[in-house]
Amino acid sequence: MQLALIKTKVCATLYLRYLLDFRIYQTRRKSHDCNTAWTVIRHRWMKTAPVFCTRNTTKMFSTQTDKESIDMSKFPVERIRNFSIIAHIDHGKSTLADRLLEITGAITKTQKNKQVLDKLQVERERGITVKAQTASLFYEYENQTYLLNLIDTPGHVDFSYEVSRSISACQGVLLIVDANQGIQAQTVANFYLAFEAQLTIIPVINKIDLKNADPERVENQIEKVFDIPKEECIRISAKLGTNVDQVLQEVVKRLPPPTFNREDPFKALVFDSNFDQYRGVIANVALFGGCLSKGDRIVSAHLGKSYEVNELGLLKPEELPMERLYAGQVGYVIAGMKEVKEAQIGDTLYHQKHPVEPLPGFKPAKAMVFAGMYPMDQSDYSTLRSAVEKLTLNDSSVTVQRDSSLALGAGWRLGFLGLLHMEVFNQRLEQEYNASVIVTAPTVPYKAILSSPRLIKNRRGIQKNMVYIDDHRVMMKYLFPLNEIVVDFYDHLKSMSSGYASFDYEDAGYQAADVIRMDILLNGKPVEELTTIVHRDRAYSAGKAMCERLQDAIPRQMFEIAVQAAIGSKVIARETIKAFRKNVLAKCYGGDITRKMKLLKKQAEGKKKMRYIGTVQVPKDAFINVLKRKDK
């Protein structure tokens, strides 16, 4: 009873402080949304609130005493392991990450732990990982506590840049392979990313609990394709937790520790970042030397500006503030960077009094798909510009160039790694920044040589290689024009193979091709956002298909709409969207036919006039949907 009274009194005191704090913030931030202010207060309040917990509460709830009890200086580089989880999409990376977090006590073991590190709403809705996430784990092995820094990465080809950046902060990787599906395209692509970075690779065969699992066949594939002995493979079931503890043991035994020295000057690589409205840029860093303390003055090698470290710590996976970070460790840093342009992915941070040679950084991502993005209302241009800048800070693989359109006004030309990447970026803008935008039809880059026209023989796909991995799986290499695969090739491949086939692609340079420009006209007026480059042999079929899909996508008007595909002045395809028609003869119950004809003629003249002065609104979804080919 006495304990209950104490708890009630403390909670009442905290509640009054909570309300007082909230009243102060309401006064200071009248221009901001009430819910936003409430979230910030709750964040501040929870940092100082004591926690009454039961015996089975884990370290997931970090109190002030927990923070002080972790002395990062007690983790020398010999007891640090930095690793990423890489795999093809849907091979169980996030599920394995959940089990690793549970075993090390980072989160409570419950049935609700599904894709804990997938924090974005778009990740939850689509069931895929689109953003690499970091978590620091403490694992006890042979009476010693090790610091394991885990980075969970995406598996889809459109987000491979996340993988390449993540492995720069690691010394090894867990290569996850589905025991049923075996090696797939992104498995191969991610393996070579790790192999080229000279990282230690631990193959893990997941989903051995499935009915059709064949781990022995997958082991033979790994040995044949990657030249890794089958004895080094670990068989697990991340869903059931089978042999997951063995994975942690092998991480400690097989992966090398970082080769950095605490005695060297401080040097850190910024491998990821995001923007907080009140705290500014939050940079994820890997320390390549020395140590960093709260209050230190650091310099950005990219801009040459100096900052004071306001907060630093670990991600467990939530932020856990610390007093210091040391060489070989991975964490986050908040240093008062208020502008998005101040945070550069791949930047090097160092102490103000001890300049160092900047780290090489990252190779820029090469955009494969380009699309125009415009605000629904030009008055929202400034707001949308801020949202795009903040989101590209978190997704540095997107390239941005200012653009303008006579029809849509000021906007941007954005470059993406694929169509899914583009759709996810647009969805994140809507969900995270409440932005409503118009995205034009995606295009791919071409090089045009202005010379006299000549006939060029074009090949739409050339087989370069074919290797049989085993009796059930074959790997083929083709040289394709990017325009052939970028829109819906992946969807058709999955459909035709019942989900078993997979593919990965990389840039192979430019080749001459017989391509022409095709315009789309609405009532004779060209819509430049729908202009595409097509191969001459496919111009008619592509034009007819686009007209048919626009006919379905554009809503009917009070006047007739002619949808045409044209090459120069020649119209190669046409569809007509019929007008809504009022029955003007409803009031005629008889009489001379000339009266009815007069009414119909008057209606036709009105329709014709509306056609000249009326405007056709193209729905924003149509810009993407019209390019998707229908099944023949």
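Just so it is clear, glycine is given a Cβ too, placed from its N, Cα and C backbone atoms.
Database features (TrEMBL):
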{"type": "DOMAIN", "residues": "78-259", "note": "domain 'Tr-type G'"}
{"type": "BINDING", "residues": "87-94, 152-156, 206-209", "note": "GTP binding site"}
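Neighbour count (other Cβ atoms within 10 Å of the Cβ, all protein chains): 27 for Lys93 (GTP binding site). Of the listed binding-site residues Ala87, Ile208, the Cβ environment within 10 Å is emptiest of other Cβ atoms at Ile208. Under a cutoff of 8 A between CB atoms, and with a sequence separation of 6+ in the same chain, the neighbours of Thr153 (GTP binding site) are Ser84, Ile85, Ile86, Lys93, Thr129, Ala132, Glu162, Val163, Ser166, Asn190.
Within 10 Å of its Cβ, the residue among the binding-site residues Asp90, His156 with the fewest other Cβ atoms is Asp90.
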